[in-house]
Amino acid sequence: VICHPKYKESKRIAIFLSMPDEVQTEEIIKDIFKQGKECFIPRYKPQSNHMDMLKLSSAEDISSLALTSWNILQPSDDDSTREEALDGGGLDLIFMPGLGFDKKGNRLGRGKGYYDTYLERCMKHPRGKPYTIALAFREQICESVPVTENDVPVDEILYEDC
């Protein structure tokens, strides 16, 4: 990941805080700060498909985040001090999680459409849609995954031996 040309050229990067069954992102987050890049993480709104990407101030900032009922660390609902990426300069790159992927870039998420909805908002930002990279295990690559017209394919899927 850290040798990827899109990562190297990106300044504003959104990345998920990994769950135990996902590709672990902690070292990537540390590198984002080491390289002097800006790091944004998701804040999901329950009972909706709305997600914001909020700025982290440091890798250590993660320890101050609240644990949700989904067992995900994220900024609390009343945290209004963090920059939302689309209120500022937009994003260059989004690293995305998923349950399954096919080689056409189709992604099976957890069913709420958070990333697809967020990417639609990105397309309305003056900067446009950021480059998207899904982080996957080789076992998550399928012949095909079910998609709807609202699903936004990822630009690239990184997995072991890809």
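Placed from the backbone N, Cα and C atoms, the Cβ positions cover glycine too.
These figures come from a predicted structure and were not determined experimentally.
Residues or ranges marked as substrate binding site in TrEMBL: L17, E22. Sequence-distant contacts of E22 (substrate binding site), defined by Cβ-Cβ distance under 8 angstroms and a gap of at least six in the same chain, are F16, P97, L135.
The feature ATP binding site is assigned by TrEMBL to R107, L108, G109, R110, G111, K112, G113, Y114, Y115. Sequence-distant contacts of R107 (ATP binding site), defined by Cβ-Cβ distance under 8 angstroms and a gap of at least six in the same chain, are M96, G98, G100, F101, Y115, A134, V145, D151, P153, V154.
Sequence-distant neighbours of L17 (substrate binding site) (same chain, 6+ residues apart, CB-CB distance under 8 A): T25, I29, I41, P42, I62, L65, I72, L73, Q74. Residues within less than 8 Å, Cβ to Cβ, of G113 (ATP binding site) and separated from it by at least 6 positions along the same chain comprise N49, N150.
Most other Cβ atoms within 10 A: among the binding-site residues G109, G111, that distinction falls to G109.
The ATP site is defined by R107, L108, G109, R110, G111, K112, G113, Y114, Y115, and by the 8 Å test on Cβ atoms against their centroid, the other residues of the chain that qualify are G98, D116.
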